[in-house]
Each structure stands twice: as C-alpha cells, then as structure tokens.
2 protein chains.
Amino acid sequence: MSGRSGTGTRLMAGRNAVILLSGGLDSATVLAMARQQGFGVYAMSFAYGQRHAHELDCARRLALQPGVIHHSVVNIDLRGIGGSALTTTQEVPKDRNLDQEQAIPVTYVPARNTIFLSFALAWAEVLEVSDLFIGVNALDYSGYPDCRPEYLSAFERMANLATRRAVEGAPLTLHAPLLNLTKADIIRQGLVLGVDYGLTTSCYDPGPEGKPCGHCDACLLRARGFAQVGVPDPLMVRYGSVTA
Amino acid sequence: MSGRSGTGTRLMAGRNAVILLSGGLDSATVLAMARQQGFGVYAMSFAYGQRHAHELDCARRLALQPGVIHHSVVNIDLRGIGGSALTTTQEVPKDRNLDQEQAIPVTYVPARNTIFLSFALAWAEVLEVSDLFIGVNALDYSGYPDCRPEYLSAFERMANLATRRAVEGAPLTLHAPLLNLTKADIIRQGLVLGVDYGLTTSCYDPGPEGKPCGHCDACLLRARGFAQVGVPDPLMVRYGSVTA
C-alpha cells in the first residue's frame, strides 16, 4: 500500500489508474495528485442511496477535467442494508467536539470502503490497470475503521490474491496519498495543484442545491482545514459562510 | 477462516449466519450444513447481470425452506464492468478437459467473490452476525483465484479490520465448509442432510427454463460428481440426461 504523497516526482507516461471519486475535497485532491504523477484517470463514483447525493453532481463536474478518460457511476443500494445515518433517516450528528469524540459515529456506513474498493478492483482488472487511488485520511477524519492504514494494507493484500491479473503477475498497488496528511495539508497541496474546491462538497446533510449544513463532522473538519491554511473556502464564499 | 465441514457437532442455538446463496449445488449444500450446525440463516443472492439468471429462481426456491429468516437479492450491474463470459456475450467454453486445463477460464468474473463477500460483510455488521458462509471449493472447481484458501483467509483478515463490529470486539468468521471437499463428497454430505438437488442449478449457459447445457465446466463437474457418488442427478432426471 502506498501512502506517499502525490507531489513526488514519479512520472509514468501512458499509465492509467482507477480513482474513487466521491465529489468531496479529499478525492478531488487525490485526482489532482494522480494527474500530477502522470496517470490517466478512470474515475468511479457510487450512487448508493446516500442522503448527500449532491456529491455525485460534484463528482460529475470534477470528472469533466482533462486527464479523466472515463467516469463510471455505479448504482448500488446500500439503503437495503442500512445501519448508517447516511443511508437512513437517522439524524446526522451536529457540532461534535472532534478533538474529544472517540466512538465511531453513526455516519459510518458498514463496509462501504470495502464495497467501493471491490468494484474498483473489478474495474481495474478489466481495464488492465495496476494502480488504484482512494482519498482516505487517518488524521482529520471521523474515526471510521475502513480509513486506517492497517485496513488498507489488508485490502491490498487480499486484492492481490483475488484476481486473475494479480495471479498472473500484475499486482495492484493501492494508493492512499492523503493517509497521513492533515486536512490543512491536503488543502495546501490541492491548491498548489490547482484544485477548484468550489467544485467539491463535504457536507453529510446538505440543504437545497447542496448548501452545506456547517455543523456535521465533515463540515467542521473542512472549515478547520481552511482556517488553518488561512484561505477562504470557495464553497463557503459561494453559499455565504454558514459556520460560526 | 473456517474450512471445516458442516457435519461437525457444533450446535449454536439462537445464532444466525449470513450465507451467500447462488442457487447452485454448492451453496445449497452450505445452507444445509449451516442449518445442521444450528444457525438461523440470512441468505444473500445477487442479480449481477449474469446470463444464467435462472440461478436466482433456484435461490428463491431454496430460501423458502425452514430456518431461512430472510432472503435478500441485491441488484448490482457487473455487465457495466464486463470482463467475463458470464456477463457479456462472449461464448462459454464447452467440453473442456478439466483434468488438463490450467488457465483461468473466461467464465471467471473479475473480483466477483470480493464484491459478494463485501456486501455480505456489510449485512452481517448490520444484523450483528459473526458468521458468514460461502460455498467455494478448491478441488473440483474452475481454477478461479477467489476460490482459494489463501484468498479467503486474506478476505477474513481484511474484514476484521474493516468494520465497527470487528473493531469493537466481535470478529467475523468466514466459513468455507466445502473448501477441501470433492464435488462427490459435497453431494454425499448434502444428500445425508436432505438437500433436494433438483431445486438447484449449476449450468453457466442454460437453455429455456434453465435446462442445463451439459457441456460447460459447471455441468461437467456436476455430472462427474453425481457419477462418482453413483446416484442420478434429480435435475438431469427432470430434464432428461443431456450429458454423454
């Protein structure tokens, strides 16, 4: 598993990668990092019954940029499985103290990253692609178990026993270039790479036209990140600041 | 990972398990083994764009038996990903010599078991179930990489890093009770447990009303298994023998 930052010097002309693109700040940054490393991009998003389906509009806009060869939006219904505030009518927690909270919050979606990575693994095999990027982060995050480095390493190991391509000598590398970055560091690197964060969304519980609630974990982490960088969030500029 | 046979003496009153139920001979046997071990069953099947969708009718009939608490049929479109004779118009190979063939055949579906197990993992977490059964077999099989014991062990390890339930101290056990059985042994055990193999299907390329082609790998393996046991296949009795 590669946790290295995407601002390195590797240039791989002609190589392509599959990227999980949620439409959020993190995956938009990962997309820019992969492009900077010279990868052509196959972007994959999921319509999984999420209450914040606005993120798919953002993913579609982000996928219009040069270097994205194809954008696939996969329909799967995780509402039928339930177990999360993001796929049920359960309330999204607001104004949590992120420095004190320890428990995994109700916005955790059971096995979501495993399901997403499994589809990406299948697509990578068919495309004959050996690089898979995911924008998970283990510092400024909500404590989800499937964002931790030990999980990602175990997924990569399993993936390399799962496919014909791996068995025949073309193993997959799972890249998580944001893994050890703070939200502020992610934003800094993204700004250097020209990411337009006004095209992204983070909110778990957006209002009409995707207006951020300003109070869920994702909004709070995003706001703190931009504050630490010391630049305005273009999304907040557009909607008017909604955080305290 | 538990590869032990389901004919053991463990009895776990009140425990439930998630079982991947394809409608085939193997998963029907696994269902009976889990029931014999005392598990209540949550059965999960997938409408994934397979050409042999007849297997879903079989799964639905199998799920009507006592002890099946709920049967979930998950819609996912693997045709959009492609890469297999089972999800495209590519021809299913016929009359292969299974004792000589080494290459992974075109009926392999990229990452299929990983995708199926990922959904089952999510469901198990929501149901608060710690046991997951899959009917893969590494002896009389088509050589798929995601049927091998090392793959299953790696999936189990990954799964136990992926979920809140595992992190909070309730790990998942992945049971593959058929793993080291021949097809004949599977049938023998199933017959002892009262499995009605007339309710199952195996063919990758069935005709109208699910009539087996008699020539694909799955038909050949099934026919050899019943021949070795020395009993007629009730499916063949119904349709009339179609194998040489």
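Each residue, glycine too, has its Cβ placed from N, Cα and C.
All annotation found in TrEMBL is predicted automatically rather than curated by experts.
Feature annotation from TrEMBL assigns ATP binding site to B:Leu21, B:Ser22, B:Gly23, B:Gly24, B:Leu25, B:Asp26, B:Ser27, B:Ala28, B:Thr29, B:Val30, B:Leu31. TrEMBL lists B:Cys203, B:Cys213, B:Cys216, B:Cys219 with the feature Zn(2+) binding site.
Annotation for B:Thr29 (ATP binding site): spatial neighbours B:Gly135, B:Leu178, B:Ile186, B:Ile187, B:Gln189, B:Gly190, B:Leu193, B:Val195, criterion Cβ-Cβ under 8 Å with sequence separation of six or more. Considering other CB atoms within 10 Å as the measure, the emptiest surroundings among the binding-site residues B:Leu21, B:Leu25, B:Cys219 are those of B:Cys219. Comparing Cβ neighbour counts within 10 Å across the binding-site residues B:Leu31, B:Cys213, B:Cys216, the minimum falls on B:Cys213.
Other Cβ atoms within 10 Å of the Cβ of B:Cys203 (Zn(2+) binding site) number 24 in total over all chains. For B:Gly23 (ATP binding site), applying a Cβ distance below 8 Å and a minimum sequence separation of six or more within one chain yields B:Ser45, B:His54, B:Glu55, B:Leu56, B:Asp57, B:Cys58, B:Ala59, B:Arg60, B:Arg61, B:Leu62, B:Thr200, B:Thr201. Of all Cβ atoms in the shown protein chains, 25 besides its own fall within 10 Å of the Cβ of B:Ser27 (ATP binding site). Put simply, B:Leu25 is the one of the binding-site residues B:Leu21, B:Leu25, B:Ser27, B:Leu31 whose Cα lies nearest to the Cα of B:Cys216 (Zn(2+) binding site).
Between the C-alpha atoms of B:Leu25 (ATP binding site) and B:Cys203 (Zn(2+) binding site), the distance comes to 10 Å. Apart from B:Cys203, B:Cys213, B:Cys216, B:Cys219, the Zn(2+) site neighbourhood in this chain, defined by C-beta within 8 angstroms of the site C-beta centre, holds B:Val92, B:Lys94, B:Ser202, B:Tyr204, B:Asp205, B:Pro206, B:Pro212, B:Gly214, B:His215, B:Asp217, B:Ala218, B:Leu220.
Mapped onto three states, the DSSP output places B:Cys216 (Zn(2+) binding site) in coil. The closest partner of B:Cys219 (Zn(2+) binding site) among the binding-site residues, by CA position, is B:Ser27; the full candidate set was B:Leu21, B:Ser27, B:Leu31. Mapped onto three states, the DSSP output places B:Leu21 (ATP binding site) in coil.
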